[in-house]
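Below: one structure, written as structure tokens.
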Amino acid sequence: MAAQALAAQAVASRLQRQEEDIRWLCAEVQRLRDEQLRGPERGQAEGPRLTREVAQLQAENRDLHQRLCGLRLRLAEQRRTEAGRAAAHEPPTQNQEKDTKKKRLKQSEPGREVKQPNFIKERLQLFETLKTDHQLLPATQEKKNTNNVISVRVAGGKTVQGERWKTTPYQVAAGISKELAEHTVIAKVNGVLWDLDRPLEGDSTVELLMFDNEEAQAVYWHSSAHILGEAMELYYGGHLCYGPPIENGFYYDMFIEDRVVSSTELSALENICKTIIKEKQPFERLEVSKDTLLEMFKYNKFKCRILKEKVDTPTTTVYRCGPLIDLCKGPHVRHTGKIKAIKIFKNSSTYWEGNPEMETLQRIYGISFPDSKMMKDWEKFQEEAKSRDHRKIGKEQELFFFHDLSPGSCFFLPRGAFIYNALMDFIREEYHKRNFTEVLSPNMYNSKLWETSGHWQHYSNNMFTFDVEKDTFALKPMNCPGHCLMFAHRPRSWREMPVRFADFGVLHRNELSGTLSGLTRVRRFQQDDAHIFCMVEQIEEEIKGCLHFLQSVYSTFGFSFQLNLSTRPEHFLGEIEIWDEAERQLQNSLVEFGKPWKINPGDGAFYGPKIDIKIKDAIGRYHQCATIQLDFQLPIRFNLTYVSKDGDDKNRPVIIHRAILGSVERMIAILSENYGGKWPLWLSPRQVMVIPVGPACENYALQVSKECFEEGFMADVDLDDSCTLNKKIRNAQLAQYNFILVVGEKEKINNAVNVRTRDNKIHGEISIASVIEKLKNLKKSRTLNAEEDF
């Protein structure tokens with residue numbers, strides 16, 4: 001043991017000397033780079049050589065760190081073993097026996113935290129060793145010819161001086177205002193998200209992001225996920241997997257052997273999270289070699305998989321808060337106390353990376369905010385959303401249902417089918433105005449089609465496949481490959497471009513059973529899918545047409561929307577000149593369209609840039625439904641060509657993938673919740689209710705209902721003798737009939753009806769012919785407020 005201690009001391013001493021050399025060399029490289037900006041001759045001559053020296057020393061240091069950690073771990077293990085042997089020969093004291101009994105009693109109590117797993121202690125020991133012996137950033141030590149003064153410009157504000165490797169964004173913020181520093185969630189340094197307590201490394205532009213910023217929210221919820229992860233480790237003792245921020249909150253997945261999470265345990269987890277928050281545990285960042293992290297997380301096969309499969313660099317980062325140390329790129333808030341309000345509200349089961357053949361994981365969801373008022377507003381919002389839940393409305397209004405014998409495939413009842421068909425009729429009318437041609441394509445294809453399109457290699461697990469006469473077939477999950485066959489079935493000329501194919505074909509996707517959720521996530525659905533085959537020079541005009549199309553549809557529904565242009569990603573296919581031209585035309589289309597839009601650099605698909613559209617519903621939620629996506633790759637894969645003006649028959653078209661509703665099922669869910677079940681007349685599954693004042697008028701009521709039905713309205717008659725007239729009217733209003741037509745002897749004589757609305761606005765006696773004519777005009781115009789416009 002003494003020999004190992006001496007070896008560890010020698011390695012540590014050598015490591016310290018080399019780290020001093022690295023600090024000096026790093027500072028020298030930075031100085032030379034700064035000089036290069038002012039006078040490039042010297043910086044160009046010496047910079048590369050010194051950079052290579054730094055890299056060589058750092059590589060050697062990584063090896064030394066691993067040796068040092070190994071030596072110290074073995075040394076610590078030997079000490080624990082010897083201490084254990086010594087303790088085994090000592091009889092327990094009376095107090096120790098009492099403590100042991102108390103611990104056992106505590107662990108046996110239901111709802112109490114389990115004993116802290118052994119791996120937590122071992123993980124912490126290694127982290128502390130690494131933290132002591134391997135500081136992430138060079139210390140600020142004065143060296144010959146080293147200038148540590150840096151310029152820090154606060155975005156939109158003043159410029160201050162700082163010290164390299166020492167000044168932090170938090171100090172910069174505090175220098176402006178303590179209140180500003182306390183309310184800042186995260187910093188952005190030279191365009192990169194940065195921990196507030198992480199020292200700056202050179203001249204910097206610093207942005208200070210508050211919670212109202214989307215990136216800051218993601219960081220805030222990511223830090224909250226770490227708090228939840230710490231609580232889950234303490235409570236369940238399982239192995240953590242992924243814990244990301246999501247659109248509204250966060251979750252953490254955990255593998256727990258032989259048990260599942262119960263919703264009754266969520267309040268206990270929430271209390272542990274609140275304790276962690278009170279402790280104000282700092283978030284500590286450390287960059288560590290991949291090999292050392294494999295040793296640190298050897299107890300957790302999921303973290304080891306991430307390291308082996310996802311990390312392609314020699315080092316990566318971990319973050320610590322309290323006893324939790326987690327693989328994480330960060331950044332994070334300063335400490336757990338920054339989370340002022342937290343709620344753990346839901347749990348479910350899932351699979352490792354969504355693969356049903358892999359391990360089952362327990363997923364727990366949470367939400368957090370920087371003040372309690374925001375939490376109360378969120379809870380109020382959840383109650384409102386719950387009352388508008390499309391599954392609740394679908395059941396109450398008898399629109400649709402699901403059955404275990406066909407999970408993920410909706411059964412639309414007559415009134416739900418009316419809404420479905422009304423939406424498709426609306427889009428068909430728009431197709432006719434905009435020169436789209438509707439086509440019908442097969443539901444199943446040989447797998448060779450999907451191999452050609454590239455979907456088989458990347459998407460086959462999400463397809464329903466089966467064997468037919470020794471060949472593999474699949475139900476189509478999208479229409480585009482079939483439309484490529486339709487375009488290619490005969491020669492095409494520039495004269496017929498653009499070709500616009502529209503298809504309401506049935507699509508199937510093999511979604512995991514645990515992800516199915518009402519109409520928003522299904523296995524069987526239809527889209528208002530269209531593919532435009534056009535020449536490159538036609539892109540701008542076609543995109544403008546798509547934008548006006550979606551504006552027309554969304555304004556009819558009463559939706560506002562956001563536009564985002566996603567441009568060329570780092571890894572893309574195709575010629576850069578074509579990408580540049582396509583992006584230029586997309587930008588021109590957006591500018592001419594005249595609505596606000598943002599750019600998402602590098603967020604396009606690998607096969608083409610796109611415009612993402614999010615609609616905003618009545619309670620402020622955003623939903624992505626429409627898609628406008630350019631595709632340069634499918635025309636190549638299917639060898640699509642057209643004959644140009646000069647007779648060249650090898651010209652490639654560009655494909656524009658375009659959907660407005662997206663999935664019709666999902667749009668019905670969104671519309672149900674947006675309207676809260678109060679459908680506008682043209683979409684309403686209950687448009688007219690006819691109510692006779694007594695038995696003598698029932699035949700006339702049936703006649704009025706028949707006339708309405710023959711004109712295309714969803715009309716019903718209430719002939720229930722057990723209800724009073726007022727009760728019948730109230731029932732019709734609660735059932736959301738847009739118009740209630742009351743008929744008595746007077747109306748019967750005058751061939752009229754007495755009109756009132758579901759909001760009890762009384763329009764009085766009107767002839768049945770006039771009522772039907774007005775209703776037809778209101779339905780045709782697709783007005784949102786037919787009851788007011790009547």
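Using N, Cα and C of the backbone, Cβ positions are placed for all residues, glycine too.
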For the record in Swiss-Prot, which of the ranges 277-283, 431-437, 725-731, 774-780 is the motif 'Nuclear localization signal' one? 774-780
What residues elsewhere in the chain lie close to the motif 'Nuclear localization signal' (774-780), defined as a C-beta under 8 angstroms and at least 6 residues from its ends? 681-682, 687-688, 708, 711-713, 739, 766, 786, 789-790
Across the motif 'Nuclear localization signal' (774-780), what are the DSSP residue counts per state (helix, strand, coil)? 7 helix, 0 strand, 0 coil
For Ser441 (phosphoserine), just count the other CB atoms lying within 10 A of its CB, please. 16
What does DSSP give as the helix, strand and coil breakdown of the domain 'TGS' (148-210)? 14 helix, 24 strand, 25 coil
